[in-house]
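As annotated by TrEMBL, domain 'FAD-binding FR-type' applies to 32-179. Residues annotated as transmembrane segment in TrEMBL: 79-96. The annotation NADP(+) binding site is assigned in TrEMBL to S114, R134, T195, S256, R257, K266, G294, L295.
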Amino acid sequence: MSVQQTATPKVAVTPLHLEDTKEPPLHLYKAKEPYTATIVSVERTVGPKTPGETCHIVIDHRGNVPYWEGQLRCYSSGMSYYFLLFFFFITIFLSPQSENPKKPGNPHNVRLYSIALTRYGDNFDGKTASLCVRRAVYYDPETGKEDPSEMGICSNFLCNAKPGDKFQIAGPSGKVMLLPEEDPKATQIMIATGTGVAPYRGYLRMFMENVPTYKFKGLAWLFLGVANTDSLLYDEEFTKYLQDYPDNFRYDKALSREQNNKKGGKMYVQDKIEEYGDEIFKLLDNGAHIYFCGLKGMMPGIQDTLKRVAEERGESWDTKLSQLKELAVACRSVLICIYPCSIIFGRFAVGTKFGMVSKHLVVSIRMNVGFMSRVQLG
């Protein structure tokens, strides 16, 4: 059965041990002492006309690497904007050929991937996790041909993997951006491009599955931007949610190679945001949460759109930001932040404390927004 057809919610017959703790699991396995997981299945999730290849990968961790929806390891933020990702650190120790050429004798650097599933796993037993991985390839700009020597090591390993293959994971990490479960009636606006939809699939399954400890009664509104219809990920699942939960789910798609915006140009996710801009702002004014997940390149256009919508409403976007309740920022480096760090830091009050975690800068202060930016590594 195609992964696109597995939207039937699982029913929890008995309480799961995953509900026994009040705190999320953290750092159960580290990069230097990882856990060996097993590939269960690898399935291409896009059609033949999509640019590139994306795979849905189910891994078996036997329940030894539990996680909560919203745990993360690398994100940028900046109404309630939250960047919620569930990340495993993934690296490969399979053969001498998998050694890092820059560090002989060592494996390749860890890769970060978000989990496209709830804590309960595929069989509602908490023993599996699903990844949504786009194969990273490189085309020589002069010849236009694919250069295998420059392909993404980890994404290609995962997309080429067979059931039973072993690889190593570490984590989970982070608890800043856990799902705000205290208000199941809240509106959740989720904006994604490409594989950035992965964590939202986990959220939506959490919302729509028959979970004894969490009954979603609010509105989940998904905006998804991709190239064309063949590029839509988990589209059948989301469409079924529309049919089954019309009062709790909205789904808008921006297909850049098939649709035009009101100006006649390509339709991007920010154009959909502008189309519903006034409604989105009204929802935010009433306490809605909004999330952004995808390649960092999507954010400038979204930011410009939000600023323009605010001005059309007679508001200042910067003032709007200052009124928000939560802000969490995490940057791997200046090069991959949504904004140059000088702009982000300029919003912080004197005395804001910063913490360094490895090469990741993690900042947490009180406001009301969280920009999400995910980097798809090879």
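Positions of Cβ are set from backbone N, Cα and C atoms, glycine also.
Shown on the structure are the features that TrEMBL records.
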residue : record               : DSSP (3 states)
S114    : NADP(+) binding site : strand
R134    : NADP(+) binding site : strand
T195    : NADP(+) binding site : helix
S256    : NADP(+) binding site : coil
K266    : NADP(+) binding site : strand
G294    : NADP(+) binding site : coil
Within the domain 'FAD-binding FR-type' (32-179) only, compute the mean pLDDT.
75
Report the largest Cα to Cα distance, in Å and rounded to a whole number, among the residues S114, R134, T195, S256, R257, K266, G294, L295 that the record lists as binding NADP(+).
28
Using Cβ-Cβ distances, find the residues under 8 Å from S256 (NADP(+) binding site) that belong to the same chain and are at least 6 apart in sequence, listing them in sequence order.
G225, V226, A227, N228, K266, M267, Y268
If you tally other C-beta atoms within 10 angstroms for each of the binding-site residues S114, T195, the top scorer is S114
Ranked by how many other Cβ atoms lie within 10 Å of their Cβ, the binding-site residues R134, R257, K266 are led by R134
Ranked by how many other Cβ atoms lie within 10 Å of their Cβ, the binding-site residues G294, L295 are led by G294
